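Here Swiss-Prot flags 33, 92, 94, 99, 143 as L-lysine binding site. The L-ornithine binding site annotation in Swiss-Prot covers 33, 91, 92, 94, 99, 143, 183. What Swiss-Prot records for 33, 91, 92, 94, 99, 143, 183 is L-arginine binding site. For 60-67, the entry in Swiss-Prot reads disulfide bond. If you look up Swiss-Prot, you'll see 1-22 marked as signal peptide.
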């Protein structure tokens, strides 16, 4: 009798675990901007690599679905999600009130502070007095673009938007920009620590404004995909709890990227 009860309990447990993901599609198409190392980029072989990619693959594994990564310009990600060309966004997408009017988000993936970079020795600071008359590059469709347009542009700062982050760095290095505003970690790991960024440094402290930058980044999802949102949250919670998240993060960062 005890053996029968144990066997039944195990069967019920397995059935429950399987049914929790039963409503999910077999394949989940995840959109990402591959110009944002170390979160999302492509290696020499054209494979998707980065912390966002590792997180997405691990969550899909736990959800028992196949991940298909779709490269996209950043500002096309939310329109593609709403048009059902992709099923989710994992691309350093900050959770903001404005975006939550359009789409749903998972729980926080990691923190996301923003910061200016400029040539080493430059006196530029993230203030109106310092930036007036200067050319500042931002990623099109990003929270940094929204912030710069609404707080700096009308005060005489030339805010220049680019389709991808690599173009921002390229024009900064070529001297066509005086500074660039982007995610702090992406700037540090994807530019300042690379050969192309050797003559540049952070300019001033982090730019903080919850209205524009939110409380961190998350998986972007359609509002009517409640099952998929719940599945991502469940998988994320598991990998945070069992230490997998910290192990993956250490591959890229020497600090607490999750934040408070």
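Using the three backbone atoms N, Cα and C, a Cβ is placed for every residue, glycine included.
Put simply, of the recorded positions 60, 67, 183, the one whose Cα is nearest the Cα of residue 94 (L-lysine binding site) is 183. Other residues of the chain with a Cβ within 8 Å of the Cβ centroid of 33, 91, 92, 94, 99, 143, 183, the L-arginine site, are 74, 93, 112, 142, 217.
Checking the recorded positions (60, 67, 183) against residue 92 (L-lysine binding site) with a 10 Å Cα-Cα cut-off leaves 183. Between the C-alpha atoms of residue 183 (L-ornithine binding site) and residue 143 (L-lysine binding site), the distance comes to 9 Å. A Cα-Cα distance of 13 Å separates residue 91 (L-ornithine binding site) from residue 143 (L-lysine binding site). Remark: residue 143 (L-lysine binding site) has 94, 96, 112, 114, 212, 213, 214 as non-local neighbours, by Cβ distance under 8 Å and separation of at least 6 in sequence. Put simply, the two farthest-apart Cα atoms among 33, 91, 92, 94, 99, 143, 183, the recorded binders of L-arginine, are 17 Å from each other. Around the Cβ of residue 94 (L-lysine binding site), a 10 Å sphere holds 23 further Cβ atoms from the protein chains shown. The two recorded residues, residue 33 (L-lysine binding site) and residue 60 (disulfide bond), have Cα atoms 19 Å apart.
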